[in-house]
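Have a look at the structure below, then the notes.
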């Protein structure tokens, strides 16, 4: 019995320990997890962390204002695959498409044509349903907080060469809802009805604040609350609300080809006016230099460069330059643990906080990891105004700049960070107008709680990807259970080795009792 009790105690202690270990799984363990690809270069751990942290910073931006980097699939994917398509090798095309999904591109333009009451990819024998199945597979494999992101699919529909009566009949018999439901599932699609519902619930915003008229939901709301991953839009005028209720009409998107008609803003008023335009796409040829400029001007580039399998890496570099608009080329530094250490000079070091570097000579900025214990000035934003900044002149460590005791930012300002290329552009304009020289500035981004998990919300913000148990809390939790287990173990060992005195003297007691019983007289005394 005692042995069973002891084994139960040991099992309980081990279970507690395993639970604690499981709950402290770090994001660093996930750095080597990437969606497998066979054509496109996979993202390095550093690039994965940079892309994820950027997505998290943009969590409170509306999905129509996000900087997307896209690919025109007809120009990029299908221009050199004609012979392969004629051979009926659709597997190769789907492999290329899947590898592109695993890149940093998150918008795709797809040309379709109607074919026997179905939709087919132009110049191929590939059906739209095949593309949707590949898309569904990718969404399933990335449907978690680490890898989930919004994908925009823009459709160019070619009408069949029929007279007007036949065209209307073909259009009405084409059931896009059935195609999407069967091959993708509507649970992943953010639909026009979802937008209507969000606006009715006052869950949408524009540049001025909440708006039930022309607002859109935030990235965080769509990804994490509604679990939506895909926005489908039409660039032509083939469908209508009845024939394609899952697809946004063409007038929702500002889509241009070649050169943009939108000016690149340099004032707060210009930035505000540009932000009132939803879904700003530019389909053109780009290189790794000018794509960054278009991104900083608030446009989402759709790359139409002709690409081949042997130079796909060059195209991947262009996408990367447009996708990562914040971090420096070798940032953020990927670490395996978060710890506080002392340097040879005796000062504390913790490289888990982010500095924004401003270079006055070419008016550029970039993000780099810095020592949280160094003293620097910090960046403040005025209430909920996206483009109104203030840099405090008083220096402080990262922990002191925004702490439980209060922020170094003045009233109505808060410690903050540029959340988009447009906001970063407005910050550059502020620095230029204020005549700042080269400067290093604390911004609200750190990985103090968990290595490689970059979060906003001050020095005490927690990582959303894991439940953190510190070493101190772990020891506090384990010591009582260990002491009790050891004490009970000692008792069990003592009772199993040593005999109780009464048990040892059992025979002696029996002999004494027998002797006493013999001395007693039998019968009734006279």
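Each residue, glycine too, has its Cβ placed from N, Cα and C.
Feature annotation (Swiss-Prot): of 478-498, 499-519, the stretch labelled transmembrane segment is 478-498. Between the alpha carbons (Cα) of residue 259 (N-linked glycosylation site) and residue 433 (N-linked glycosylation site) lies a span of roughly 29 Å. Using CA atoms as reference points, the glycosylation sites 156, 175, 202, 240, 433 were checked against residue 60 (N-linked glycosylation site), and the closest is 202. Among the glycosylation sites listed here, namely 202, 240, 433, 240 has its C-alpha nearest to that of residue 156 (N-linked glycosylation site). For residue 433 (N-linked glycosylation site), the nearest of the glycosylation sites 175, 202, 240 in terms of C-alpha separation is 202. Taking the glycosylation sites 156, 175, 240, 259 in turn and counting surrounding C-beta atoms within 10 angstroms, the largest count is reached at 156. Annotation note: residue 259 (N-linked glycosylation site) sits in a coil segment as assigned by DSSP.
Ranked by Cβ neighbours within 10 A across all protein chains shown, the glycosylation sites 60, 202, 433 are led by 60.
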